[in-house]
Each structure stands twice: as structure tokens, then as C-alpha cells.
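**Q** Feature list, courtesy of Swiss-Prot:
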| type | residues | note |
| --- | --- | --- |
| ACT_SITE | 178 | active site, proton acceptor |
| BINDING | 64, 66, 97, 113, 138 | S-adenosyl-L-methionine binding site |
């Protein structure tokens, strides 16, 4: 069988980059499940989103680094390796993903497809009538490499997150959503501007330079007839 040497070189280069990555090392040291924790950390520090006592929904939660970060914001830190959160949580975290989720104390997890109405109904049930302060979406589709197809898949997930946010966020609540630069990006920004009073695009330092991902942050739901959102 012929071996694709180019593919082997790419995989080896990725592995080398990964094991020497500053954020990978930091995540291991601080007890996070992935380097993605530092993406939401920077977004939170930039925008001031997450505070004790809130209700936070984490969409596309696996492996759980974002939920871990929120949990640490909701609980005291014990002295020890990684500064892991300990004690009773002051807040509610609900995580959802298609894939299995390693249990995390204080985090309610629902496994299922956010695109399915039955799963969405279960998620709403877990809220138990409480409005949401922050919706986090790190959801991403399986990419085909066909730009038009991928743009449509990305847009669909963003639109679903927007619909959920519009229905369940508090008036001053916030949505953080992963998007990708390319076809359809400007339309997604426009949708955020129509929905939120303040819209920010944040590319965290922990997001790899070669990655097209960025994060749209919408803060404060608009009422009909309000002027266009401020954008940064």
C-alpha cells in the first residue's frame, strides 16, 4: 500500500506544534481538559461576562474545558495544584454535546444533537424556568472542504444558538459563538448586530494563528426598533 508521505509530514508537524504549545502545557499544569479554556478565559476577561450566581449554558461542551472555567468562576479555589474549584457552586452550569462528557461536579450534562427539537426541549427542561445569563457555543460542524456547504453548516449552528439565546437569555445576557472567517461571515455578524446591542469579534491568543476561527460576542438583547448595535 502506498503511504501518503505529505499527510504523514503534516500530522507529525501538527503533533510537534501541539506538544510544544504554551497553552497545552498550561492546561496540563492547571488541570484543564484542553487549551480551549484559555480562549473563554480571555473572552471573559475582555468582555466581563461570567460572574458567580449566574445560569450558564455551554453548547458543544466536550471535552469540558469551558465548563471547567465557568465552574472555577462559580466556586472557591482550593490551595493546590491547578487551583481546582472546590466547595458549593454559586451558579448553575448546563452543558450539551453530541459526544459523551466526562462528569464534572456541579455541571448538568445532556448528550444529544442541539439541532433536534426533542433535545432542545430537554435542555429547556433542565433550566426549570430560569432565564439564562450567558450562552457559550463552541459548536462546529464536520467540515467537508466545500466552502458553500461548510458556510451553510456553520450558519445553521450559529442561527440555532441565536434562536436559543433570543428565547432564553435575560435582557442583559450574552452569547459567545464560534464562527469562521470566510463565506457567510459578514452575514453572521449582521445577524448578531440585529439581535444584540453590543457586538464584539474576539480572536483569543489561544486560538491558533493559522485557524480561521473567531468568536462573536453579543451582549444585551435588542428590542424591536432599537438602533444598530455598537461593534468592536
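In case you wondered, yes, glycine gets a Cβ from its N, Cα and C as well.
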**Q** In this structure, which of the recorded positions 66, 97, 113, 138, 178 has the fewest other Cβ atoms within 10 Å of its Cβ?
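**A** With the recorded positions 66, 97, 113, 138, 178, fewest surrounding Cβ atoms within 10 Å: 113.
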**Q** What is the total of other Cβ atoms whose distance to the Cβ of residue 64 (S-adenosyl-L-methionine binding site) is within 10 Å?
**A** 23
**Q** Whole-number Å only: compute the distance from the Cα of residue 113 (S-adenosyl-L-methionine binding site) to the Cα of residue 178 (active site, proton acceptor).
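**A** Each residue's Cα considered, residue 113 (S-adenosyl-L-methionine binding site) and residue 178 (active site, proton acceptor) end up 17 Å apart.
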**Q** How big is the gap, in Å, between the Cα of residue 97 (S-adenosyl-L-methionine binding site) and that of residue 178 (active site, proton acceptor), rounded to a whole number?
**A** 15
